[in-house]
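> So Swiss-Prot lists the following for this protein:
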- Cys46-Cys140: disulfide bond (DISULFID)
- Cys78-Cys99: disulfide bond (DISULFID)
- Cys217-Cys282: disulfide bond (DISULFID)
- Cys239-Cys300: disulfide bond (DISULFID)
- Asn125: N-linked glycosylation site (CARBOHYD)
- Asn147: N-linked glycosylation site (CARBOHYD)
- Thr156: O-linked glycosylation site (CARBOHYD)
- Thr162: O-linked glycosylation site (CARBOHYD)
- Thr163: O-linked glycosylation site (CARBOHYD)
- Asn272: N-linked glycosylation site (CARBOHYD)
- Gln23: pyrrolidone carboxylic acid (MOD_RES)
- 1-22: signal peptide (SIGNAL)
- 23-387: topological domain 'Extracellular' (TOPO_DOM)
Amino acid sequence: MELSYRLFICLLLWGSTELCYPQPFWLLQGGASRAETSVQPVLVECREATLLVTVSKDLFGTGKLIRAADLTLGPEACEPLVSMDTEDVVRFEVGLHECGSSMQVTDDALVYSTFLLHDPRPVGNLSIVRTNRAEIPIECRYPRQGNVSSQAILPTWLPFRTTVFSEEKLTFSLRLMEENWNAEKRSPTFHLGDAAHLQAEIHTGSHVPLRLFVDHCVATPTPDQNASPYHTIVDFHGCLVDGLTDASSAFKVPRPGPDTLQFTVDVFHFANDSRNMIYITCHLKAIPAEQEPDELNKACSFSKSSNSWFPVEGPADICQCCSKGDCGTPSHSRRQPHVVSQWSRSASRNRRHVTEEADITVGPLIFLDRSADYEVEQWALPADTSVLLLGIGLAVVASLTLTAVILIFTRRWRTASRPVSASE
């Protein structure tokens with residue numbers, strides 16, 4: 001692998017100008033290293049998996065030699081290799097990921113960054129130092145693209161274009177919809193007795209066609225799907241068990257497409273919980289569109305009229321396990337969350353997660369009691385009336401004040417005019 005690297009060395013000396021040393025170029029050819037003949041204070045060799053740093057003890061070029069104990073490498077302060085005091089260099093040899101080095105991926109290179117630190121300390125009982133503290137940034141750059149073989153490419157009977165493939169991530173989403181399913185619901189508020197219209201989708205792009213399923217869903221008073229209390233809405237790999245009670249919750253048949261699944265849930269709130277809101281977390285997954293639905297991949301609703309389960313698609317017997325509560329090997333349970341995503345926008349109330357499967361949290365769904373709404377409306381009129389009365393009161397006070405001022409000036413004028421009449 002051809003390696004390219006780069007070293008930026010800047011030493012800021014107290015009371016002096018900044019010294020910058022260019023990086024020497026080291027090339028590994030035939031297992032031998034060749035460096036520039038000019039003496040550099042710091043030499044760096046970026047190898048395939050390691051970093052070799054050689055530091056001259058005359059680091060500042062002043063003739064004052066530094067001590068090896070005052071040199072460390074990286075945020076983790078790795079110490080140099082053991083050397084003889086008579087040697088005029090100090091060496092470090094560490095792995096690229098060692099000593100707290102950081103890695104950055106650019107469009108054309110992998111960049112490993114660290115630094116060499118010279119932190120002089122007093123010797124013995126002395127309280128003085130004779131060299132400066134210096135921090136020298138170090139970078140190793142490795143190209144991300146290149147020909148790793150010097151041999152010519154041998155042709156095959158398959159065109160090269162047939163060996164190229166693309167892998168695209170899947171994007172899952174769970175949204176709260178209006179009753180007509182045509183638009184996303186603008187407000188998260190509900191009244192008890194309403195139904196929440198939920199739409200799960202998977203966006204495949206150029207991926208092969210997939211069929212989406214809601215594996216399980218749970219409602220909690222907080223975004224944490226492991227919170228208590230909780231209520232299970234979908235369980236056993238696609239059984240909408242919330243419809244077993246007095247609710248009419250069900251999957252919508254037929255589905256708009258293989259990549260979309262719609263279902264309704266009769267809204268509720270947890271008893272003795274003053275928050276009057278819930279969050280719904282659903283585990284979404286997808287299978288190839290040509291694969292037949294089975295007990296592990298299904299969407300089943302309960303019909304109270306026939307007292308039986310029925311699927312959105314596929315054979316009817318795949319829903320029989322919903323009554324037994326055992327539909328094969330359990331997937332991610334409520335106590336073992338996979339990935340939780342919450343709404344990031346208050347208006348749209350949805351978040352997308354990119355993976356092969358996803359746990360999506362939608363919420364909060366806020367419930368308004370109808371009696372509470374009536375009380376709010378009743379209180380709205382007195383509030384407006386109080387504003388009106390306040391305005392009338394201020395007007396009366398202003399008029400009374402003006403009348404009092406006029407009377408005071410009138411009396412003063414009459415009092416001032418009486419002595420004049422007496423003198424006449």
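Just so you know, glycine gets a Cβ as well, placed from its N, Cα and C.
Could you place the listed features in the three-dimensional structure?
For the recorded site, Cys140 (disulfide bond), the DSSP three-state label reads strand.
The Cβ of Cys99 (disulfide bond) has 19 neighbouring Cβ atoms from other residues within 10 Å, across all protein chains displayed.
Remark: Cys282 (disulfide bond) has Leu174, Leu198, Ala200, Val214, Asp215, His216, Cys217, Ile233, Val234, Asp359, Ile360, Val362 as non-local neighbours, by Cβ distance under 8 Å and separation of at least 6 in sequence. Annotation note: Cys282 (disulfide bond) sits in a strand segment as assigned by DSSP.
Shown in sequence order, Lys298, Cys300, Trp309, Cys319, Cys321, Cys322, Cys327 are the residues of the chain, 6+ apart in sequence, with a C-beta less than 8 angstroms from the C-beta of Cys239 (disulfide bond).
Under the three-state DSSP scheme, Asn272 (N-linked glycosylation site) falls in the coil class.
Residues belonging to the topological domain 'Extracellular' (23-387) score a mean pLDDT of 79 in the model.
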> Got a sec? Which of these disulfide-bonded residues, Cys78, Cys140, has the most Cβ atoms within 10 Å?
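Result for the most crowded candidate: Cys140.
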> Can you count the other CB atoms that lie within 10 A of the CB of Cys217 (disulfide bond)?
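Its Cβ shell of radius 10 Å holds 28 other Cβ atoms.
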> Judged by the number of other CB atoms within 10 angstroms, which among Cys46, Cys300 is the least packed of the disulfide-bonded residues?
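Checked Cys46, Cys300; of these disulfide-bonded residues, fewest Cβ neighbours within 10 Å: Cys46.
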> Fill in the CA-CA distance, Asn272 (N-linked glycosylation site) to Cys99 (disulfide bond), as an integer in Å.
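For Asn272 (N-linked glycosylation site) versus Cys99 (disulfide bond), the Cα atoms are 54 Å apart.
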> Between Cys78 (disulfide bond) and Cys140 (disulfide bond), how far is it from one CA atom to the other, in Å?
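About 18 Å separate the Cα atoms of these two residues.
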> Sorry to bug you, but what's the C-alpha spacing from Cys99 (disulfide bond) to Cys140 (disulfide bond), rounded to the closest Å?
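Each residue's Cα considered, Cys140 (disulfide bond) and Cys99 (disulfide bond) end up 14 Å apart.
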